[in-house]
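S.K.: Here's a structure for you.
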Amino acid sequence: MAASELYTKFARVWIPDPEEVWKSAELLKDYKPGDKVLLLHLEEGKDLEYRLDPKTKELPHLRNPDILVGENDLTALSYLHEPAVLHNLRVRFIDSKLIYTYCGIVLVAINPYEQLPIYGEDIINAYSGQNMGDMDPHIFAVAEEAYKQMARDERNQSIIVSGESGAGKTVSAKYAMRYFATVSGSASEANVEEKVLASNPIMESIGNAKTTRNDNSSRFGKYIEIGFDKRYRIIGANMRTYLLEKSRVVFQAEEERNYHIFYQLCASAKLPEFKMLRLGNANDFNYTKQGGSPMIEGVDDAKEMAHTRQACTLLGISESYQMGIFRILAGILHLGNVGFTSRDADSCTIPPKHEPLCIFCDLMGVDYEEMCHWLCHRKLATATETYIKPISKLQATNARDALAKHIYAKLFNWIVDHVNQALHSSVKQHSFIGVLDIYGFETFEINSFEQFCINYANEKLQQQFNMHVFKLEQEEYMKEQIPWTLIDFYDNQPCINLIESKLGILDLLDEECKMPKGSDDTWAQKLYNTHLNKCALFEKPRLSNKAFIIQHFADKVEYQCEGFLEKNKDTVFEEQIKVLKSSKFKMLPELFQDDEKAISPTSATSSGRTPLTRVPAKPTKGRPGQVAKEHKKTVGHQFRNSLHLLMETLNATTPHYVRCIKPNDFKFPFTFDEKRAVQQLRACGVLETIRISAAGFPSRWTYQEFFSRYRVLMKQKDVLSDRKQTCKNVLEKLILDKDKYQFGKTKIFFRAGQVAYLEKLRADKLRAACIRIQKTIRGWLLRKKYLRMRKAAIAVQRYVRGYQARCYAKFLRRTKAATIIQKYWRMYVVHRRYKIRRAATIVLQSYLRGYLARNRYRKILREHKAVIIQKWVRGWLARTHYKRSMHAIIYLQCCFRRMMAKRELKKLKIEARSVERYKKLHIGMENKIMQLQRKVDEQNKDYKCLMEKLTNLEGIYNSETEKLRSDLERLQLSEEEAKVATGRVLSLQEEIAKLRKDLEQTRSEKKCIEEHAHRYKQETEQLVSNLKEENTLLKQEKESLNHRIVEQAKEMTETMEKKLVEETKQLELDLNDERLRYQNLLNEFSRLEERYDDLKEEMTLMVHVPKPGHKRTDSTHSSNESEYTFSSEIAEMEDIPLRTEEPTEKKVPLDMSLFLKLQKRVTELEQEKQVMQDELDRKEEQVLRSKAKEEERPQIRGAELEYESLKRQELESENKKLKNELNELRKALSEKSAPEVTAPGAPAYRVLMEQLTSVSEELDVRKEEVLILRSQLVSQKEAIQPKDDKNTMTDSTILLEDVQKMKDKGEIAQAYIGLKETNRLLESQLQSQKRSHENEAEALRGEIQSLKEENNRQQQLLAQNLQLPPEARIEASLQHEITRLTNENLDLMEQLEKQDKTVRKLKKQLKVFAKKIGELEVGQMENISPGQIIDEPIRPVNIPRKEKDFQGMLEYKKEDEQKLVKNLILELKPRGVAVNLIPGLPAYILFMCVRHADYLNDDQKVRSLLTSTINSIKKVLKKRGDDFETVSFWLSNTCRFLHCLKQYSGEEGFMKHNTSRQNEHCLTNFDLAEYRQVLSDLAIQIYQQLVRVLENILQPMIVSGMLEHETIQGVSGVKPTGLRKRTSSIADEGTYTLDSILRQLNSFHSVMCQHGMDPELIKQVVKQMFYIVGAITLNNLLLRKDMCSWSKGMQIRYNVSQLEEWLRDKNLMNSGAKETLEPLIQAAQLLQVKKKTDDDAEAICSMCNALTTAQIVKVLNLYTPVNEFEERVSVSFIRTIQMRLRDRKDSPQLLMDAKHIFPVTFPFNPSSLALETIQIPASLGLGFISRV
C-alpha cells in the first residue's frame, strides 16, 4: 500500500510550528497525488491551508493512533519520527507522570524536578529478577539488565548516563549504584556496598556546584567500576574522574556557586575543631561570593558537612586527614582574599603582614616571606642564565588563581585516590559493572575550551553508541534469518578526525602552546589556514576572526578562541609549587608527589587493562629530571589520552544507555518545554536511534501476538493449526507489497507505518462489526420498546376503564347512601326538636309550680310570724303603760312632799333669825337641856327600837326590793325582747326590701355573670385548648428530649463501644506490631545464628588443629545457648565443652549493620547481667552474715550433730529390723497362704491386716522422728556450709548426697526428699502469704485513700452538676456514670485476673503436694504387703496376673539420647511418617520421654533432652530448609510438642479439655514454662522459614498465572510492542497458568493436613500465601503499563474468584485470606469502572478504600486502552481524584511490601489422644526405649 493512500479524510498529521515545534492537525479531504495544498483543521479549531514543499513534495508526518500514544517503548510506535517521539514523551511525562521511557536500547529519563516515591527498596525488590521489557521503564530495570547479563554472559557491563547539566545524570547514576548495592549484597564483612554509596556525598561535595541550570550540577565526569566476585557479590569499586572544572574555584557566574565543600566549611565554621581555620561567612571570601547566591533553597550546608564527614569516616579517612583536607580548602579560600598593590605597570607588591596571606601560610605551613615573594615574581630560565622578574598586578592575580586551581585539583585527585583505596578489595575481581556519569552535549552563547572538550567526548560516545545500535539491529536480523541490506547511519568519524587527528584542532593547539609567543589569535589563524574550505565540518564566522564553528552530530557550535591556550597549558609557577612542597604540613607535600601512581586494585581486569584516571598519565617509571616538566603537559593531551582509555573500556563491555532530558530551564516540576526537549533529543542520539530503527523493520511481532491481535481480520477458513503459516497467508492478502514485511524464525518484522495500517484495517473491521451489532441491538431495543409501550398502553387502558367503572358505581352507591342519610337525618332533626320542646315545657311547668308553692308557703309563714309579733308587742305595750303610770304617781308624791318640806324649812329659818326667839329659846335652857337630855335618851331608846324595826323593815324591804328588782329585770328583758322583736321586724322588713332590691340586682348580676361565665367558659375552653396544645407540645418536646437523651445515651454508648472497639483494634494492632517486631527479631536472630554456624564451620575447615590457649565464645552464640537453660549455673556448665571445642580464630572486623542490629540485644543482656549481679551480691552478703554467726558457736553445733547422728543410727537400725520382720511376714504369707485363708473376709486375713496396721503405725512414727531429726541435721549442715540456692532443681541433688549416707536408701530417702521439698514449699508459701497479706493491707489502705478521693471528686462533681442546666446535668451525670462503671469494670477485671492467677497457683501447688503425698503413701503401701505369719494354717492363694497398665511414658537410657535424637529427628523422613503413622508422632514420643525424666525428677535429663531436641530440629531445617514438606512436618511437630507441654503442665487453663486420665499424666516435678517459650520461638522461626519456602515456590508462578496468562480466552487484546517487550536475558522457563497456582496451593494444603498441622495455623499459612499472591500481583500491575486495561481487570477478577472458590472448597473463607486480596480486587475494579464524571470519582474514592492514594493515581495514570473504542483517563479526572483523596491519611508508599510476614500465633489445641495408647512402630528404629 502506498504511503499517500493513508492521507485520507480525518487522517491526523503533524505540521511544524515555531512555538510548539510540532502541531497536530486533521485532514479535511483526501489527498490526491499532485495536490500542492492540504486542507487541515487544527486542534484549536482553526482551518489551515498547508502548502507542500514544491521541491521535495514531502507530506507531513502521520500521527500514530491514539492507542499507541503513551507506549513504554518509542520503537513500538508505528510511525517513527520526531513529532511522534516528542508527543509520546510529553503524554507520558505530563499526563501519566512517568519520567522513564525506552527508546530501543536507550532509557530516556526526564527530570521531574520533584521527589517521586519510585526508588524505595520495595521498588528495587519488584524489579529484581525481572526481564527488562516485562516492567515499566525504570533505571532499576537497566541496572537489573546489566547485572543479569554480567552473570549470564560472563562479560563486563557499562551503564552510560549522559545529558545536560540539570538533567539528572548524577541522580540516575546514584540510583543505579544503589540498586547494585541492594541486590548483590557484599561478599565481605566490610560492607563495600555502603562504602560505594558513601562515596557519593564526598564526590558531590568536592565536585558538584550550583549552576543556573542545576542546584547540584556535577562539574566533572566520573566512571565508577563496581567489582564483583564469582558469586556476583560486590567486593570493591574504583572511580575515575575526567575534566574537573577548575575555573569554578576562582570564578562563578551570576546566581552560581563554587563547589559545595567551601560553603559547607563556612556553615560549620563555629564548630570548635574548625576554630583554627579562621573561617567566617561565605560572603567574606572572594572565591565564594562572586555568584551572589551563597544559599540553596532547602539545603542545610551544616548538615551536609556532617554527612560528608560521616562518609569520610566510613571510607576510612581518619580525622587527622579530614582536618588536613579542611585546612587546605580553608587555605584556598584565604588565598583568594590576598590582594596586590601596583608599584608600576610591570610590578606589584603585597601589603606587609597581609592577614589573608598570613592565615594561608599558617594553614599551609609555609614561609610567609617566601610565598609573598613568589606571588609577585617569577623565575625565567634561558640557555645560559636564570633571572627573577617582577610581574604585574593582573599577572599576579592570574598566578594566584592558577595556584588555587592547581591546589584544588591536586586535592581532588588525592581524595579520589583515597576513596579508591577504601573501596579496594584484596579478593580477586571476577567482573565489573561500570557506571559512567558524564556531561552531555553543550552549546551556549559563549563556548570555550570546556565546551569543546565536552562535545569532543560526546562525539566519541555518540560514535560508539551508533555502532552499538547498528550492531544490535543487524544481529537481530541475522538471528531471525531475514534478508537485510546495510542500514545507512550517521558516522561522525570525520568530526572526530577534525579534532584529534594529526594537524587536527587539538594537535594545533598543543603546538601553539609550545611556541614562546603563541596566542589565541595565531592559533585561530592556523586553524583557518589548515581546515577552512578543506573540511566541510569546519567553518569560520563571518564577523569574527577569533572564533570557529564545528558541525557536531547534534548541532553547529561556535567556539571563542580566547582563553584556549591558557586553559590548555594550565600554567602554574614552578617556584610556588616548590614553596608548597617545602611545607611543614605533612599532607601538603603528598599532594605534589611525583612518584608513580599505584594501579587501582579494582580496575585491573582479566585482560590486564591499565587504570583510567583523571590525573595526567604518568610513565611506569619515573626519571630524575622529569619532575619539573610534569605539570607542563597540556590539558587537551591528558583529556585525549583518558578519553581513548575510556573508549577502550566501554568497547570491552556491553553498554547500556541512559539519556537524561531536562524538560525546562526553570526547574518547574512536570513542565515540558518542547523546544528544549527536541534540542536535547537531537543531541543525545535518541532520534538517531529512531532513525536507524525506522530505516529497517522497527515493528516486531511474534506469531502468537500477531494472531491474537489481528484474529479479527481473518476468516474462519484462514485459521490453520500452524500459526506461522496462518499469519503468512493473512499478511499476503492484507499487505500486497512484500517489501513492507519479513518473516523471521519467531517474529514478523514490519516497516514503519505498516502496524498503523493494520491497526486501521482492524479498527475498520471492528467499527463495521460494531455498527452491525449496534444496528441489531438498536432494532432489538426499539422492538422491545414498542412491545413494552403497546403492552403498557393496553394495561393503561384497562386500568383507566376499570377506574371509570369503579367511579360510576361509586357515584351510584354514594347517591343512594345520601338519600338514606337525608331520611334518617330529617327524622332525627324533627324528633330531636320535639324532645327539646317537650323537655323545655316540663321544665317551665316545674319551675312555675314550684314558684307558686313557695309564694303560698311564704305568705302563711308571714301571717304566723305577724301573730307572734303582735302578741309580744301588745304585752310589751301593756307593761310599758303600767310602768309609766307608776313612775308618774311616785314622781307626783315626791314633788308634793318636797314642796311641804320647803315650806317647813322656810318657817324655821324665819324663827331662827329673830332675838326674842333666841331669848325664848334660852329661857329654860338648862331645863330644856336636861329635858333634851332625857329626851335624847328616850329618843335613843326609841331610835334603837326604831333601828331594830328599821332593820326588820330593811330586810323585808330588801326582799321586796329583790323581788321587784327581779320583776323589773324580767320586765326589762321583756321590754328588750319586744324592742328586739320590733327591731327585728323592722330589720326584716328592711331586709326584705333590701333582698328584693338585691334580688333584682342579683338577677341583673346573674345575667352579667352568665354572660361573663359564658365568655369565661369560652375563654377557658380556648385557654384549655391552648394549654392542651402547649401540653401536647411540651409532651412532644419532653418525648423529643427523652428521645434525645436516649439517643445521646445510645450515641454515648455507641461512641464508647466504638472507642472501645477502636482501642481494642488499636491494642490488637499494637499487639500484632509487637508480635511482628518480636518475630522479626527472632528471624534476625536465626539468621545471625545460621551465619555464626557457617562462620564456625568455615573456621573449622580453615583451622584443622586448634591452638592451645584460652578460647572465647561469640556473644551471639552464648546468648543463644542461654535461652535453652534454666539457670546461669547450668548455662556455665554447658558452655565449658562448647568453648573447648571452638578453635581460636583471628578477630575479624565488626560488621556495622550487625553491630546496629545487635545493639538493642546487648543492652538487654547488660540489664539482665546487672540484675543477676545485684542478686548475686545480695546472696553473698547473706552467706557472709550467716558464716559470721556460725563461727561464734561451732562447738555447740558439733555436740548436737554427734547426738543427732547417734539418734539417727539408732532409728535406722530399728527401721531395718522392722523391715526385716515385714519381709519375713510377706515371705511366709506368700509361701503358706491359701486362697480361703487370705480371702478378704477370712479371719486370718483380718489378723494379718491388724498386725500390719500396727506395724505400719509404728513405722510411721519412727519415720516421722527420723525425718524431724534429718531436717534438723540438714538445716544445721546448711548453716555451716551455706550455698547459693539459685537453682531449685539442684536441691534434690544435694539432698540425695546426704541421704546416701544412710543405710536404707529407699523409702526414708524418698520420704525425706518429699518432706524437705514440702517444708521448703510451705515456707515459701508462708512467706508469699505474708507478703500477700502485707500487700493486701497496703492495697486496702490505698483503696481507702482512693475512696476518699473518689468521695471528694463526687462531691465536687455534684456541686458542678447542680450549677449546670438540666440537660447538661443529665448528660454530665450519664457521662460520669459511664466513666465510673468503666473504671470499676476495669478494676474488677484486674482483680479477677489476679485472683484467677492466685487460684491457679494455689491449685497447682495443692496438686503437687497431693501427688507427692499420694506417691509417698503408695510407696509405703507397696513396701508393706498385707500379710503376716499367724498360727492358723493358711491355704495357698492363686493371685491372677493383671495386664500391665501403661502410664504414657517412655524410658530410655542417658547414653541413648543421641541415638533417640538421631533416629527420631535427624534421619527421619517426613513423607513416610506423614503417610503411615499418626500425625505428630515424633512430638508425642519426645514428650513421653520428657514425662519419664520428669517422673524420675532428673532435671539434667530433662534439660539435655529438650536442648538436644531443639538443636536437632534446627539442624534438620538448616540442612533441608528449602523443602516444604520437611519444614511443614517439623512446624507441625514443634507445635504439637508445645501443645503437649501446655496440656500436661498442670496449669488450670490448659486442663479444661483433658480427661481424668490425661490429668493424671501431668508433669509433677518441673515447670517447663521457659522451654515452652523457647519452643514457641522455634516454631515462629520455622513458620517464617515455611513462608519463605512458599514464597520462593509461588513467586515465579504468580505474575504469569495471575496477570499474563489469559484465563478467559479472547478477552485481552495484545497491543503493539517495542524492542524491549521480551529480552534475551533469561531463557523462557515455561509459562505458568492459574491452574498451576491452584495445583500448588492444593499441594501445600494437602501436605499440611497430612502432617496434622493445627487448623488455625493452616489458616494463617493460607492467609500469608494469599497475601503474597495479592501483593506481587498488585506490585507488578502498578509497574506494568501494558497490564492496566479493562480486559486485564476482568481477567484479574476472574482469577481472584477462582482463588476464592478454592478457599470455599477448603472451608477456609474465615481465615482472613480473602481480605488480603482486597487491594488487588479493588485495583481490578478500578480498571473496569467508568472514569469520567464527578460521580464516578466519588464512587472510586468510596470503593478503593484498601488502596492508597498513590496506588489509585498510579493505576489511573497507567490505564491504557487496548482498543480504539476505549477512552483514556483524562488529566482533570485524575486531579479530581487527587483532590478528593487529599485528606486521606495513608502511606505514601506505592508498592505493597511483598516480604511482609503476618505475626503468627499458636492457639492452644489440646489432643484427645491418650498417651498410654500410643504404639512405637519398629520402622522408627527406637527399640532401645520402652513403654512405662
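Cβ from N, Cα, C; glycine included.
Curation does not apply to TrEMBL; its annotations are automatic.
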S.K.: State the residue range annotated as region 'Actin-binding' by TrEMBL; the candidates are 22-44, 137-159, 643-665, 689-711.
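M.R.: Per TrEMBL, the stretch marked region 'Actin-binding' is 643-665.
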S.K.: Please identify, from the binding-site residues Gly163, Glu164, Gly166, Ala167, Lys169, the residue with the sparsest Cβ neighbourhood, meaning fewest other Cβ atoms within 10 angstroms.
M.R.: Gly166
S.K.: Can you tell me how the residues of the region 'Actin-binding' (643-665) break down into helix, strand and coil by DSSP?
M.R.: 9 helix, 8 strand, 6 coil
S.K.: Return the count of C-beta atoms lying within 10 angstroms of the C-beta of Thr170 (ATP binding site), excluding that atom itself.
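M.R.: Its Cβ shell of radius 10 Å holds 23 other Cβ atoms.
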S.K.: Tell me, how many other CB atoms lie within 10 A of the CB of Ser165 (ATP binding site), whichever protein chain they belong to?
M.R.: 20
S.K.: For Gly168 (ATP binding site), list the number of other Cβ atoms lying within 10 Å of its Cβ atom.
M.R.: 25
S.K.: Excluding Gly163, Glu164, Ser165, Gly166, Ala167, Gly168, Lys169, Thr170, please set out which residues of the same chain place their CB within 8 Å of the center of the CB atoms of the ATP site, keeping sequence order.
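M.R.: Other same-chain residues near the ATP site: Asn111, Asn214, Ser217, Ser218, Gly440, Cys660, Lys662.
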S.K.: Mean pLDDT, the domain 'Myosin N-terminal SH3-like' (8-60)?
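M.R.: Per the prediction, mean pLDDT sits at 85 for the domain 'Myosin N-terminal SH3-like' (8-60).
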S.K.: Report the DSSP secondary-structure composition of the domain 'Myosin N-terminal SH3-like' (8-60) as helix, strand and coil residue counts.
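M.R.: Residue counts in helix, strand and coil order: 0 helix, 24 strand, 29 coil.
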